[in-house]
Amino acid sequence: MGLSLRSWIANEGGKHCILITWLSVSAWIFWRTFILYCSGAEYHYLHKMLGLGLCISRASATVLNLNCSLVLLPMCRSILTVLRGTRQVSSKKARRLLDKSKTFHVTCGVAICVFSVVHVGAHLVNVVSFSVRYSDEFPALNVAHYRGQSVPGITGVLLVLVLFLMFTASSHSVRVGNYEIFWYTHNLFILFYVVLLMHVVGGALKYQTNVDAHPPGCIPANQTRAHSDTWPNQEVDGELVAESREMSLVCKEDAHFQPHFPQTWLWVLGPLCLYCGERLYRYIRCNASVTIVSVVRHPCDVIEVRMLKNSFKARPGQTLTVPGGLTCPTENKETFGIHVRVVGDWTDVLCPDWKLCCAACPRLYVDGPFGSPSEEVFNYEVSVCVAGGIGVTPFACIMHALLDEWRRYKLQRLYFVWVCRELNSFYWFAELLCGLHRKLWEQNRPDYLNIRLYLTTAQELQNLTDEKYRPLHSRLLIGRPKLKLLFEEIGRSNQHKKVGVFCCAPKGVSRELHKLCNSFSASGTVFEYNKESFS
């Protein structure tokens, strides 16, 4: 499957521009710091003692400072949600870049881990150098108290331990299998930043403060006199050459050293304060009272919780945070609801008897709503929504909005593809789909919504038996969707248009959709890929 340049630029261009910029800035500050510590006059004696380990440790530390500040910004989700609705971020491309915030967060996290390994490795070399090259001439440079002593950094060891726990608990298998481990371990970032700010206070590495009075490599005055007695000056053209050379390198005073002012504060403090302020706002907001109106158990272990919260309003496609991931609120006038798959832990407590549920469950908190890629469905003339199982939730919000008033949006045609393993899963939103289908027929727009339901594990011919679901009978297909044929059909019907593709499905389906969006080149149609992620 080849790439289409136009489609690739539409889907990957902005993301790769940001990636190249980030890589360029990281490489530039690494090289700039490396050269500074390698050839800077103020680090001459320190470099002579530590060698390459000094340059690499300081250069990697600068890149770590950059990424430890950037990694916080994509997690300011309330701020990103506000930005999505402002005039400053009015273009679709800019909003789609905001949807890549989680990817950028992960990228910065990986960079932190990689450069931490480099930084730790370089500092291990430095510890050996401080021990072996103990300086009797400049005692202020030493970290060891005597030759042969190795001094470990306690804060550095603690940082490595915390980072290791956070990194291992962030794997996909841990997030899916036991989200609580990921959640609580990831909150160790608070300890990480506290120790990080303490880590730079030690001042182990020092620079020379009086380079003008004590040029690197200069000869002390007493050594100059001794040298002139043993090495007679040579006279050339009436000048004492040797004496003039030595006098230009004579030390006016002893070398003085002091530790740097901690630079990590300058990098991290602003983003850290911004993130803490955002989390405080979210904490206050999610502590507002939430009343559970009803709890309904749907087929295939899906629970619908309908709630009432004062001053709560979500745009179609926005998400809420729940233990185990995200979900999307579906509004119904004064109440809103969430659909949660029962997979253990707290979800098992939810039950059809909502009064018993309210008595047995711990207090329910609602964090959100937050912006998500699904909000962009309405900003295309043609959109394609592909859902897998419970991944239909964000698109159910879209259906609810269209059922209220479909004419208010730019959207003129919606292709809805829903893939499930069990037939009963389609009952979750069967009434909603039939209601929207019926309304569009009554208003003479039967072509507005194209529904395709796929049942992947049927042993025999099955269908939705209830008569009220008749509109869905002919739209239920057995097997997996032929996405390439679907793209060709949409391309022929919508030539020279931009089509929004939205996916909330397993990785295999998502990967295939992404490749198709990047490779499709027929009929001048461009498919712009948008991925919803709940893990």
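Note: Cβ is positioned from N, Cα and C throughout, glycine not excepted.
What TrEMBL says about a protein is an automatic prediction, not a curated fact.
Residues or ranges marked as domain 'Ferric oxidoreductase' in TrEMBL: 81-196. Under DSSP, the residues of the domain 'Ferric oxidoreductase' (81-196) split into helix, strand and coil as follows: 87 helix, 0 strand, 29 coil.
The residues of the domain 'Ferric reductase NAD binding' (380-518), classed with DSSP into helix (H, G, I), strand (E, B) and coil, number 69 helix, 32 strand, 38 coil. Here TrEMBL flags 380-518 as domain 'Ferric reductase NAD binding'.
Under the heading transmembrane segment, TrEMBL lists 20-43 (among others).
As annotated by TrEMBL, transmembrane segment applies to 63-83 (among others).
Per TrEMBL, the feature transmembrane segment maps to 104-130 (among others).
A Cβ distance under 8 Å defines the sequence-distant neighbours of the transmembrane segment (150-169), meaning residues of its chain 6+ beyond its ends; these are 109, 112-113, 116, 120, 123, 127-128, 130-131, 143-144, 181-182, 185-186, 188-189, 191-192, 195-196, 198-199, 202, 204. Marked as transmembrane segment by TrEMBL: 150-169 (among others).
The annotation transmembrane segment is assigned in TrEMBL to 181-205 (among others).
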Worksheet item: Residues of the same chain, at least six outside the transmembrane segment (20-43), with any C-beta under 8 angstroms of its C-beta?
Response: 54-56, 58-63, 66-67, 70, 104, 107, 111, 207-209, 211, 215-216
